[in-house]
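Student: Pasting the feature list from TrEMBL:
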DOMAIN    432-885  domain 'GPI ethanolamine phosphate transferase 1 C-terminal'
TRANSMEM  443-462  transmembrane segment
TRANSMEM  483-500  transmembrane segment
TRANSMEM  506-523  transmembrane segment
TRANSMEM  535-555  transmembrane segment
TRANSMEM  561-581  transmembrane segment
TRANSMEM  593-611  transmembrane segment
TRANSMEM  617-639  transmembrane segment
TRANSMEM  680-699  transmembrane segment
TRANSMEM  731-747  transmembrane segment
TRANSMEM  826-849  transmembrane segment
TRANSMEM  861-881  transmembrane segment
TRANSMEM  893-916  transmembrane segment
């Protein structure tokens, strides 16, 4: 197969494998066609005020300061004298959009919702706002529009400040919240003189939504333990006090207003969110006003955490809920239908109403969730052959009718406690049944994807054996090939027909039909399989087992490194001892010493804290100075070299890159100093940062293609943006990694010389652009598997060396402050991704050099790398789960996605590395080169 075609096919196959887990494990839970359900009794409140303090942690709000004073005195007073309180448990991903959807619509978006980020309502769903008579909302342009545009009719009104105000480098982010409070006050002041508006705000079923982003912005900029974050909480507390007083005055203290304060997500100590750490998933919930229970004093209460004592709230009953439970609570308080897609369970302990009202409300809640179950069951029944359909046994049609009839009977008989208990049982069964039908096709799809995975890995192994080793010289038998083609075509038609009569989604055709051509390609090479089997059978059994054990152990180390970064440390220590085991040290003592020391130095990084948790700009400065020293030494060596003439333009490029490093070091210090003094991001710093980033991939192409000159140029160009994106010790990481890569190139040269395989000249005079002669390439050896494993290990080290950034919450927003401070999630995400990619590029360029020095075709080593990464991906496919803690679920998804992206990315990275190493742009015309 042509290599270009192979790469294209490989990319498509891996994109299918990557997308498969979202169809198998995390499809959208939404169904449509339900009937709205509302409590038949009159509600206690005419209006609801929802305060969402974005990024507010439960512990920071509830705890007392060093003087024993509450962070939010007004809200503390509410907890002790006027309302109910607890902790709202959010779900992964702890991002703004999924958090607000859970709060206002009552369901948890699938985990892939984090990719949708801040889009405006890409999926149709019902919400409390949609069911209200009128909703007025004030706050961020990233949150409010998605609920307004999702509403039916024109009754959800939004008032947003401009996106430019969401500036992490602003002098005072509390202005975002002050803007909201001021505009709410102005709105009600205007309503006094506007009869139409006055009539609307006095209607029933009205919602007022105040989205307060200042706390989240200050948390990102200054960390949750900072004075700015806690001062913002006090400002919000004062603002809420003012709004409550103003509303009570406006409505004449009619006692018909309910208030709820909560948050969409929390925040880690280092100012980020997105994963499942308790600091991100535990958010406050305080409710008071019409229809809400007063404080309930208790003598003792038990929770797994020890927060009650820390918060000095042991005497007041803590009522914890799941985040989605807040939506039915709001609906019940103002008497609107429960959101159609809500899976929240009404927290009855928050309600201050009659037992009859509570029973009717939970009955409505049960019917609303049961409606979703019935729609889901019907949909699955219609798309499954009757003899293959297995219904959810615990909630048959008869059982549903019996439970509903019995619950209604209890309510009529005023046995409200029994009715509530029975409705909760029905809700539990309906939710379990929803999950059952939601995952109905999981086993079937999983088997299909695994068959495709195994077939693909088998095909790549056979391709290696056939084209890059001397183990097989077999040719195809045309007659048997045609027979196989017809046979597999028949199998594909049968599968397609089976899916067609079940009216399966189009994605099912891809997952189920993909294994057919893949396995056809494998079986077609049956003669290669025979040749490979004959070689393996004559190989000593002990050595065969040894190779298998070593290979399995190597892959398990790579897999473990995704869970425990310290595994990389053990791997690097083992690498340090490799020359001693193979006795390479006897022929190259200096090279071996360099390799060992650099392996041990790099092994320290996985043991350090995750990047971003402890910023230290002085270490970034040290890294800048070290790279300047290295480049100065390299410049001196080039100028003093007697064997090589160095054109002035090459020296100019090197000096330009050194200047870029110096500027980057200055900009990092200047920017963080300016932000520390709340003077914002200097424009000149921003210009320098973006210019440096734009030139980082272009400048290396101007340098000579001699091995070390080009590799040094790539390092200097990529270090400039990396310094700008660094906040601590990670700035030193690419330096140590690059040093080890240079040493690796030398070590591989020594390995080949030891076995007498290398006829190449010295590395110093090797030129990337002169190494494309196919006749020089050799066949693969067993040692090349070790080289490929080294590459994969270094790629994984490049990713996890400075932090377990498989978790979204390890991203430090401070990393991008040299480029922008105004909130822009996609630009910020792109910059952080580029920061991750830079070490990858350094490793890939070194691997390109290893391929050249070892006289190997890049195709052959690339195929071995592909097999190793695909085996890892298959391993993680079996580890993906959607049960257990949300941290476990998020971790399992991110690991599989990461290793699949690795595989796809390695294909693209190989091309980028070839471009960076072999191509040169001549701006000044060609200059005569003199060497040796």
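Every residue, even glycine, has its Cβ placed from backbone N, Cα and C.
Automatic prediction, not curation, is the source of TrEMBL annotations.
As the structure is a computational prediction, the values presented were derived from the model and not from experiment.
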Student: Give the nonlocal contacts of the transmembrane segment (506-523) in its own chain as ranges (CB under 8 Å, at least six residues past its ends).
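Tutor: Contacts of the transmembrane segment (506-523) (Cβ under 8 Å, skipping residues fewer than 6 from its ends): 13, 16, 19-20, 23, 441, 445, 448-449, 451-452, 455-456, 458-459, 462, 484-485, 488, 491-492, 495-496, 499.
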Student: Using Cβ atoms only, state whether the transmembrane segment (861-881) and the transmembrane segment (443-462) have three or more pairs under 8 Å that are 6 or more apart in sequence.
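Tutor: Between the transmembrane segment (861-881) and the transmembrane segment (443-462), contact is present.
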Student: How about long-range neighbours of the transmembrane segment (593-611): same chain, 6 or more residues beyond its ends, C-beta under 8 Å?
Tutor: 270, 561, 565-569, 572-573, 575-577, 579, 727-730, 733, 736-737, 739-740, 743-744, 746-747, 797, 800-805, 810, 812
Student: Quick one: average pLDDT across the domain 'GPI ethanolamine phosphate transferase 1 C-terminal' (432-885), no decimals.
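Tutor: Average per-residue pLDDT within the domain 'GPI ethanolamine phosphate transferase 1 C-terminal' (432-885): 83.
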